[in-house]
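Visitor: The structure under discussion is supplied below as structure tokens; questions concerning it will follow.
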Amino acid sequence: MIETDKFSAPDRVISATPASSREEAFERALRPKLLDEYVGQEKVRGQLDIFMHAARNRREALDHVLLFGPPGLGKTTLAHIIAREMGVNLRQTSGPVLERPGDLAALLTNLEANDVLFIDEIHRLSPVVEEILYPALEDYQIDIMIGEGPAARSVKLDLQPFTLVGATTRAGMLTNPLRDRFGIVARLEFYTAEELARIVTRSAQLLGAHIDPLGSLEIARRARGTPRIANRLLRRVRDYAEVKGDGTITREIADAALAMLDVDRVGFDLMDRKLLEAVLHKFGGGPVGVDNLAAAIGEERDTIEDVLEPYLIQQGYLQRTPRGRVATAAAYRHFGLASPQAGDSGDLIDGE
């Protein structure tokens, strides 16, 4: 059984990014170990199952894999599953950590045959490190410089065959040469409420929590299509159920706990409402540029683009147009406001 501290929620309970190393440890404990245990992403799972099966039959390293999509959808989990299904070791790092070519060279030269190297935030690799990676991906070789000044010389080192699994939330920031070296490219999509309910039920069992189907579904509906958020909400609702109820998570208990956390029925929290209200009230529904919007709500541009916007756009509350962000009719309805006339909104989204 996995224990959690009472009411130790992160500042933004529906953030899709891990709040601390301790939360990452909880995630690892709840993480499915095999592809058959992995819920959702049916298309990606089906593709990986075939590609891994073929690579195992040929006793080869799996082709290099690029996983992209919003945070919290299971990219790291899939990297661990790939290594386990292939029966090999996994080495994990991230783009910002690999500051010098020697950092990457040390990782690559220590890989055993067919091992998996997982690089999270791969779009943040420095250009000089990325250059070292190209021959490693294509030919399983790296060039390193020995010595300094006029006496320096390049030495080519052979590597064991390996699989690079790269993960990113910003696929558009990858350079074309790097993107082209991945043989398998998969986009992870937001999960349905039914898929998330299955994940919540499974996680509750691992946590030793009692939950009924309607309780699972209530949490799932407010989890913004993201397993990481669903598991975080589950832990907070479990705390509430133990203190305010008999420990069983019902729909009513889940609703009360999530209301306490200020997560509404469509999964919006204060930050989501702040963003939408800024578009509606400060900028007349839009269009508004992302930099102006970031200044208006006191957030970083990257936070808006990577964390806040994807769910709002996917759910149809916000549009991204060439002229800026525009609130949709659904956003007006959510706040009980009258929508603008069709002619006015048509001018705003001209060119879409």
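Along the chain as shown, residues are numbered 1 onward.
Here the Cβ of each residue, glycine as well, is placed from N, Cα and C on the backbone.
According to Swiss-Prot:
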- 4-191: region 'Large ATPase domain (RuvB-L)' (REGION)
- LEU30, ARG31, GLY72, LYS75, THR76, THR77, GLU138, ASP139, TYR140, ARG181, TYR191, ARG228: ATP binding site (BINDING)
- THR76: Mg(2+) binding site (BINDING)
- 192-262: region 'Small ATPAse domain (RuvB-S)' (REGION)
- 265-352: region 'Head domain (RuvB-H)' (REGION)
- ARG301, ARG320, ARG325: DNA binding site (BINDING)
Visitor: What is the total of other Cβ atoms whose distance to the Cβ of GLY72 (ATP binding site) is within 10 Å?
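Guide: Result for GLY72 (ATP binding site): 28 other Cβ atoms within 10 Å.
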Visitor: For the binding-site residues ARG301, ARG320, ARG325, which one has the sparsest Cβ surroundings, going by other Cβ atoms within 10 Å?
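Guide: Lowest Cβ count within 10 Å among the binding-site residues (ARG301, ARG320, ARG325) is ARG301.
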Visitor: According to DSSP, collapsed to three classes, what secondary structure does GLU138 (ATP binding site) have?
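Guide: SS state of GLU138 (ATP binding site) = helix.
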Visitor: Tell me the coarse DSSP state (helix, strand, coil) of ARG325 (DNA binding site).
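Guide: The residue in question, ARG325 (DNA binding site), is strand (DSSP, three-state).
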Visitor: Enumerate the residues of the same chain, ARG301, ARG320, ARG325 excluded, that satisfy the criterion Cβ within 8 A of the mean position of the Cβ atoms of the recorded DNA site; list them in sequence order.
Guide: GLY289, VAL290, LEU293, ILE304, GLU305, GLU309, GLY324
Visitor: Once the DSSP letters are reduced so that anything not helix or strand counts as coil, what is TYR191 (ATP binding site)?
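Guide: In the DSSP reduction, TYR191 (ATP binding site) maps to coil.
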Visitor: Based on DSSP, name the secondary structure state of ARG301 (DNA binding site): helix, strand or coil.
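Guide: Where ARG301 (DNA binding site) sits, the three-state DSSP reduction gives helix.
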Visitor: Among all protein chains shown, how many Cβ atoms are found within 10 Å of the Cβ of THR76 (ATP binding site), not counting that one?
Guide: 22
Visitor: Tell me which of the binding-site residues ARG301, ARG320, ARG325 ends up closest to THR76 (ATP binding site) in space, Cα to Cα.
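Guide: Comparing Cα positions, the candidate nearest THR76 (ATP binding site) turns out to be ARG301.
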Visitor: Out of TYR140, TYR191, give me whichever of these binding-site residues has the highest number of other Cβ atoms within 10 Å.
Guide: TYR191
Visitor: Run through the Cβ atoms and count how many others sit within 10 Å of the one on GLU138 (ATP binding site).
Guide: 11
Visitor: Could you please provide the mean pLDDT value for the region 'Small ATPAse domain (RuvB-S)' (192-262)?
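Guide: Overall, the region 'Small ATPAse domain (RuvB-S)' (192-262) comes to a mean pLDDT of 93.
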Visitor: Can you tell me the CA-to-CA distance separating ARG320 (DNA binding site) and GLY72 (ATP binding site), as a whole number of Å?
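Guide: On Cα coordinates alone, these residues lie 22 Å apart.
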Visitor: Could you put numbers on the helix, strand and coil content of the region 'Head domain (RuvB-H)' (265-352), residue by residue per DSSP?
Guide: 48 helix, 9 strand, 31 coil
Visitor: So the record assigns LEU30, ARG31, GLY72, LYS75, THR76, THR77, GLU138, ASP139, TYR140, ARG181, TYR191, ARG228 to ATP. If I measure every Cα pair among those residues, what is the longest distance in angstrom, as a whole number?
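Guide: Greatest Cα separation within the listed binding residues comes to 37 Å.
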